[in-house]
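The following features are taken from Swiss-Prot:
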DISULFID  C186-C196  disulfide bond
DISULFID  C190-C209  disulfide bond
DISULFID  C211-C220  disulfide bond
DOMAIN    182-221  domain 'EGF-like'
CARBOHYD  N92  N-linked glycosylation site
CARBOHYD  N100  N-linked glycosylation site
REGION    1-37  region 'Disordered'
TOPO_DOM  1-233  topological domain 'Extracellular'
TOPO_DOM  278-292  topological domain 'Extracellular'
TOPO_DOM  337-342  topological domain 'Extracellular'
TOPO_DOM  364-379  topological domain 'Cytoplasmic'
TOPO_DOM  401-405  topological domain 'Extracellular'
TOPO_DOM  427-472  topological domain 'Cytoplasmic'
TRANSMEM  234-254  transmembrane segment
TRANSMEM  258-277  transmembrane segment
TRANSMEM  293-313  transmembrane segment
TRANSMEM  316-336  transmembrane segment
TRANSMEM  343-363  transmembrane segment
TRANSMEM  380-400  transmembrane segment
TRANSMEM  406-426  transmembrane segment
Amino acid sequence: MNMPQSLGNQPLPPEPPSLRTPAEGPGATSPPEHCWPVRPTLRNELDTFSVHFYIFFGPSVALPPERPAVFALRLLPVLDSGGVLSLELQLNVSSLRQENVTVFGCLTHEVPLSLGDAAVTCSKESLAGFLLTVSAASRVARLRIPFPQTGTWFLTLRSLCGVGPRFVRCRNATAEVRLRTFLSPCVDDCGPYGQCKLLRTHNYLYAACECKAGWRGWGCTDSADALTYGFQLLSTLLLCLSNLMFLPPVVLAIRSRYVLEAAVYTFTMFFSTFYHACDQPGIVVFCIMDYDVLQFCDFLGSLMSVWVTVIAMARLQPVVKQVLYLLGAMLLSMALQLDRHGLWNLLGPSLFALGILATAWTVRSVRRRHCYPPTWRRWLFCLCPGSLIAGSAILLYAFVETRDNYFYIHSIWHMLIAGSVGFLLPPRAKTDRRVPSGARARGCGYQLCINEQEELGLVGPGGATVSSICAS
């Protein structure tokens, strides 16, 4: 990933000690006044792809009218080729003394170029460089080169007087410029619409911007296909407010005495809302805590909601149900730490919970010798609609959702999953608190245990019997 080929690709001398202007005529030698030394720079490494170059007695540079100033910047192999080389020239207008002075800079690789007194160019034969210009009208010039070639870069600065396209050598005006050169991972840290990431391809390490919200370019500054502020706000509101569909399942769970399940649904609704508020690209972002924490809690709440709903449908013994709830929370936390975006993090717990549900319903059906749940109304008005809604949500999530339609397909996913919980959550088990006439409760040490009616109160009050005597 080298720089553009406009700089030439012919083998050149590695580092000449000085810059010479070609003499007139064949065999002639350059006069001594046309030989200028190359001024080295100091290198200060701060971090990966973060290097500052300092010049002696800088950062201001005085440019006398009779000769240019040449600086050498050394980029090391591997360490510097994956960043962005930035150069900034700033003209000190107060040093011009009302002269019409223009400062030209020419940045070339491996071989310096001399700037003439008349026509100013930054190319010669097969060698080309980057030209910078500062004057009283335009005081600052900036240049950025992503993924620069390693080796020695030469910056030649020359001050000339007059108005273009032809200039003349200044007589008594000494221009002063401020030079700032550094190597950074990304262009302007990718701005508000991007994130600078350190990447590796085979053995090549480099940094690049990951742009969001439709922005493009080296520094995420190209807004040709960018999303508008209104569109960003709409997508954020849809993803956040769609989680309010969990409110009906929470109310239904509390009314049915499923307090633990209601707590899990509330946890999921809260962290899913604020995770999507923090996860949005662009500037419509609101984070109440660290992004990684919000993402973990959102994923854990989503998986736990599926887990507790299916386990509640199995109608297991309270002790077994509590053990499965706790075991599921611990195993899901471990799985999310291992691979948060893995497919089996969603399918594995769901299939295991469905296996428990199928086993519990099969055992209960065999013991009762009829289908469980026993009422056709529950199958027709609860289980079938809930299963269809949940299946549709899974199909949308797995096969329809893309990066382009994420904001509204994922919002529909929120609403469908929350709606399916309201259908699938089983009704409250009815309990008959009436004690048979032949039984008398003991006031000290024992209590009567009455059978709980499991399905919609199908057994009448007269059918309640004392099942056992439990030690308190």
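Note that the numbers count up from 1, one per residue, in the order the chain is shown.
For all residues, glycine too, the Cβ spot is worked out from N, Cα and C.
Sequence features, as recorded in Swiss-Prot, placed on the structure.
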residue: N92; record: N-linked glycosylation site; DSSP class: coil
residue: N100; record: N-linked glycosylation site; DSSP class: coil
residue: C186; record: disulfide bond; DSSP class: coil
residue: C196; record: disulfide bond; DSSP class: strand
residue: C209; record: disulfide bond; DSSP class: strand
residue: C220; record: disulfide bond; DSSP class: coil
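A separation of roughly 6 Å, to the nearest angstrom, links the Cα atoms of C190 (disulfide bond) and C220 (disulfide bond). Long-range Cβ contacts of the transmembrane segment (380-400) within its own chain (Cβ-Cβ under 8 Å, at least 6 residues beyond either end) map to 373, 409-410, 412-413, 416-417, 419-424. For the topological domain 'Extracellular' (337-342), the model's pLDDT averages out at 84.
Annotation: C209, C211 are the recorded positions among N92, N100, C209, C211 whose CA atoms are within 10 angstroms of the CA of C196 (disulfide bond). Under the criterion of 3 or more C-beta pairs below 8 Å, with sequence separation of 6 or more, the transmembrane segment (343-363) and the transmembrane segment (293-313) qualify as touching.
Residues in the topological domain 'Extracellular' (401-405) partition by DSSP class (helix H, G, I; strand E, B; coil) as 0 helix, 0 strand, 5 coil.
Between the CA atoms of C211 (disulfide bond) and C186 (disulfide bond) there is a gap of 12 Å. A separation of roughly 40 Å, to the nearest angstrom, links the Cα atoms of C209 (disulfide bond) and N100 (N-linked glycosylation site).
When Cβ atoms from all protein chains are considered, those within 10 Å of N92 (N-linked glycosylation site) total 16, not counting its own. Put simply, of the recorded positions N92, C186, C220, the one whose Cα is nearest the Cα of N100 (N-linked glycosylation site) is N92.
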